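Taken verbatim from Swiss-Prot:
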{"type": "DOMAIN", "residues": "276-394", "note": "domain 'Ig-like C2-type 3'"}
{"type": "DOMAIN", "residues": "406-536", "note": "domain 'Ig-like C2-type 4'"}
{"type": "CARBOHYD", "residues": "Asn44", "note": "N-linked glycosylation site"}
{"type": "CARBOHYD", "residues": "Asn286", "note": "N-linked glycosylation site"}
{"type": "CARBOHYD", "residues": "Asn300", "note": "N-linked glycosylation site"}
{"type": "CARBOHYD", "residues": "Asn383", "note": "N-linked glycosylation site"}
{"type": "CARBOHYD", "residues": "Asn413", "note": "N-linked glycosylation site"}
{"type": "CARBOHYD", "residues": "Asn525", "note": "N-linked glycosylation site"}
{"type": "CARBOHYD", "residues": "Asn600", "note": "N-linked glycosylation site"}
{"type": "CARBOHYD", "residues": "Asn618", "note": "N-linked glycosylation site"}
{"type": "CARBOHYD", "residues": "Asn691", "note": "N-linked glycosylation site"}
{"type": "MOTIF", "residues": "424-427", "note": "motif 'Endoplasmic reticulum retention signal'"}
{"type": "TOPO_DOM", "residues": "26-832", "note": "topological domain 'Extracellular'"}
Amino acid sequence: MGRLASRPLLLALLSLALCRGRVVRVPTATLVRVVGTELVIPCNVSDYDGPSEQNFDWSFSSLGSSFVELASTWEVGFPAQLYQERLQRGEILLRRTANDAVELHIKNVQPSDQGHYKCSTPSTDATVQGNYEDTVQVKVLADSLHVGPSARPPPSLSLREGEPFELRCTAASASPLHTHLALLWEVHRGPARRSVLALTHEGRFHPGLGYEQRYHSGDVRLDTVGSDAYRLSVSRALSADQGSYRCIVSEWIAEQGNWQEIQEKAVEVATVVIQPSVLRAAVPKNVSVAEGKELDLTCNITTDRADDVRPEVTWSFSRMPDSTLPGSRVLARLDRDSLVHSSPHVALSHVDARSYHLLVRDVSKENSGYYYCHVSLWAPGHNRSWHKVAEAVSSPAGVGVTWLEPDYQVYLNASKVPGFADDPTELACRVVDTKSGEANVRFTVSWYYRMNRRSDNVVTSELLAVMDGDWTLKYGERSKQRAQDGDFIFSKEHTDTFNFRIQRTTEEDRGNYYCVVSAWTKQRNNSWVKSKDVFSKPVNIFWALEDSVLVVKARQPKPFFAAGNTFEMTCKVSSKNIKSPRYSVLIMAEKPVGDLSSPNETKYIISLDQDSVVKLENWTDASRVDGVVLEKVQEDEFRYRMYQTQVSDAGLYRCMVTAWSPVRGSLWREAATSLSNPIEIDFQTSGPIFNASVHSDTPSVIRGDLIKLFCIITVEGAALDPDDMAFDVSWFAVHSFGLDKAPVLLSSLDRKGIVTTSRRDWKSDLSLERVSVLEFLLQVHGSEDQDFGNYYCSVTPWVKSPTGSWQKEAEIHSKPVFITVKMDVLNAFKYPLLIGVGLSTVIGLLSCLIGYCSSHWCCKKEVQETRRERRRLMSMEMD
């Protein structure tokens with residue numbers, strides 16, 4: 001049943017698909033045009049196959065029966081001979097608007113062009129379907145539209161602003177068809193044109209841009225007079241109404257449900273000239289008034305308007321002789337309703353019809369400037385509206401206020417002058433010989449700095465600080481940070497004295513300083529206005545710059561001594577060009593030049609700062625903590641002593657002295673540093689010579705094995721009893737193939753037999769022991785990969801002197817021995833292999849077990865037996 005119901009739907013869709021084909025369209029309704037206008041007929045094609053760009057052929061028939069070729073988009077010889085000349089002149093042309101659309105344009109249509117126009121398209125389809133042409137009828141009407149002005153030639157109207165005027169034009173049509181007329185009034189002023197008011201073909205009014213408000217107020221109107229006259233009425237003319245007025249009439253006809261314009265005509269109606277109103281405003285040019293008196297200015301108006309215009313007068317003030325510049329302000333205003341708007345100190349009065357007075361009471365210096373009188377004439381408009389008909393601004397009236405200027409002098413002197421850097425500087429700026437009242441005048445100061453220059457170049461001044469009329473101090477860029485740090489201090493100790501102090505004068509502060517004292521006069525509104533500036537003479541802050549000189553001489557009172565005696569050295573200091581110096585001393589020792597183990601080593605022993613505080617620097621001999629003394633003998637002399645000298649103390653000793661100069665508070669500034677001549681300690685001995693070497697029977701081991709390293713000491717020269725010598729032994733390692741890394745201390749054994757072992761980050765252990773008198777054994781137990789590298793020992797011998805004291809010899813170092821730690825490949829891979837084999841076996845057995853269980857229980861199929869009939873054989877024997 002369902003299949004039968006769907007058959008009609010399928011048949012309908014099939015028939016629709018079969019009927020679908022090319023569609024050519026032109027306007028369906030008859031096109032009506034007027035002789036002399038342009039005819040445009042569009043044509044388009046849709047639902048076609050083939051290329052996207054289609055070609056079009058146009059044909060014409062006056063009666064609709066036989067068509068003559070008119071134009072083609074693809075065949076040059078298609079048009080008939082009758083239309084070849086019009087095509088060449090461009091009166092007939094085809095304009096493609098899209099790949100599937102084209103327009104036929106016929107300019108200057110004539111009655112002979114009335115008829116039927118056919119648009120056809122050549123076939124590009126696989127099968128011929130649809131329509132390939134379409135026809136539209138065109139009617140050509142005679143020109144029956146008549147448009148003209150009310151008077152010929154067009155008149156020229158000369159008006160003044162505010163006066164009314166009217167313009168008329170006639171328009172009528174004798175068309176046999178039902179048409180509507182539309183009318184537009186347009187004004188031309190130079191190249192620009194503006195629409196004033198329009199009456200559409202639907203009978204609606206549309207004011208032009210800028211005329212909306214005047215149209216709604218009734219100032220601009222459009223109405224008809226009789227059957228064919230249209231009147232434009234303007235109740236009050238404006239300057240913008242000047243220009244040439246045109247009347248543009250268009251004829252419209254209903255076409256395909258819409259209105260189509262079929263022709264348009266324009267005519268010049270009149271030229272309107274708006275004569276500007278004469279308006280001038282005059283004020284006195286220069287006026288002088290004493291401070292505290294009244295300022296009276298008169299503005300006289302001259303105009304040619306005698307109608308009911310109303311003036312609006314505004315008085316404004318500016319510091320500049322140009323009222324258009326920013327900064328001018330309005331003092332008083334009299335509007336067109338004779339209402340005055342002003343401040344309490346300003347009055348505006350109307351003396352007569354052409355004179356207006358401005359009165360400013362209690363004038364002061366701030367009233368000096370330029371005064372302007374601004375006059376506007378307003379004429380009444382429609383519906384109680386007003387519009388401006390004239391405007392004028394007077395020339396400026398210069399007003400000068402004479403007042404008693406404060407009279408005073410300014411002197412600047414330096415109460416403190418620096419002699420060195422970091423000394424304070426103090427300047428005092430005094431105001432003297434004042435001759436004005438204290439109640440109405442106050443003084444402020446500005447401080448300036450100018451750099452010294454040897455050349456004649458002009459140097460600009462830099463602002464240090466400026467004080468406003470309310471005594472608010474503002475810092476300049478040069479002094480802002482130092483003033484915040486308290487280094488620059490600006491103060492006012494008395495009413496007539498301003499002070500500037502530099503707590504710590506630097507070399508950059510040298511130069512010329514001057515002050516500017518400003519007088520401020522109190523105004524009637526209790527504000528203060530600057531009235532005068534007086535400059536002081538500059539004061540030069542300068543001191544000669546000389547290099548600081550510091551000389552240190554060291555001497556040795558007892559030049560000859562033996563080991564175990566006391567070494568004494570004194571350092572004498574002399575300085576120049578350093579202010580109130582204090583000295584800090586550092587005693588330093590250098591290895592002798594002949595000591596090849598460390599030729600550039602410098603050791604700081606003891607120091608004494610500028611406050612006489614003693615500090616041990618790198619003196620690490622625990623047995624001689626009190627063995628060195630540094631003391632201050634005089635302000636410029638220091639003495640260094642070293643008790644119980646040893647052979648290891650040999651070297652060059654110097655005094656490094658630093659001179660310190662005091663700055664603000666308890667701070668000190670480093671002024672200079674100098675090094676003394678060296679004093680040498682040299683022991684001429686014929687004692688033994690010690691050497692150290694490292695030996696290992698196992699330079700290459702497997703990880704986990706024991707590493708043995710022997711530090712062997714040999715003695716050359718005089719034989720010593722084993723009890724007369726002892727050793728401090730330290731083991732170091734550089735864990736790299738080269739010696740590019742810093743050595744790491746492993747373990748040490750001092751001469752008293754105390755062993756110290758450094759902390760390690762891996763599992764191997766260290767042990768250090770003395771095997772014999774001259775042999776020391778370092779053992780690494782359970783060696784790791786990190787234990788590879790260069791190993792060496794450092795030995796410090798101690799020898800007992802004949803007096804029974806122990807003398808420390810120079811430290812010696814052995815040459816390094818490289819130790820390699822290898823990995824045991826069999827042991828490394830034994831357990832991983834066993835674990836892998838075991839896991840593989842377990843996984844294989846488990847896989848077999850899973851397969852067996854799956855095949856036995858999950859995949860077993862039930863087999864049905866075929867029933868067979870079993871019949872016994874019958875015996876063939878016959879009874």
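Here the Cβ of each residue, glycine as well, is placed from N, Cα and C on the backbone.
Features per Swiss-Prot, on structure.
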{"residue": "Asn44", "record": "N-linked glycosylation site", "Cβ within 10 Å": "20"}
{"residue": "Asn286", "record": "N-linked glycosylation site", "Cβ within 10 Å": "9"}
{"residue": "Asn300", "record": "N-linked glycosylation site", "Cβ within 10 Å": "17"}
{"residue": "Asn413", "record": "N-linked glycosylation site", "Cβ within 10 Å": "12"}
{"residue": "Asn525", "record": "N-linked glycosylation site", "Cβ within 10 Å": "9"}
{"residue": "Asn618", "record": "N-linked glycosylation site", "Cβ within 10 Å": "11"}
{"residue": "Asn691", "record": "N-linked glycosylation site", "Cβ within 10 Å": "12"}
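Look at Asn413 (N-linked glycosylation site): DSSP puts it in a strand. Summarised as a single figure, the pLDDT of the domain 'Ig-like C2-type 4' (406-536) averages 86. Here the candidates are the glycosylation sites Asn300, Asn413, Asn691. The one whose C-alpha lies nearest to that of Asn525 (N-linked glycosylation site) is Asn300. Taking only the Cα positions, the spacing between Asn618 (N-linked glycosylation site) and Asn300 (N-linked glycosylation site) is 100 angstrom. Mapped onto DSSP classes, the domain 'Ig-like C2-type 4' (406-536) shows 8 helix, 68 strand, 55 coil.
Between the CA atoms of Asn44 (N-linked glycosylation site) and Asn691 (N-linked glycosylation site) there is a gap of 115 Å. Counted with DSSP, the domain 'Ig-like C2-type 3' (276-394) comes out as 6 helix, 69 strand, 44 coil.
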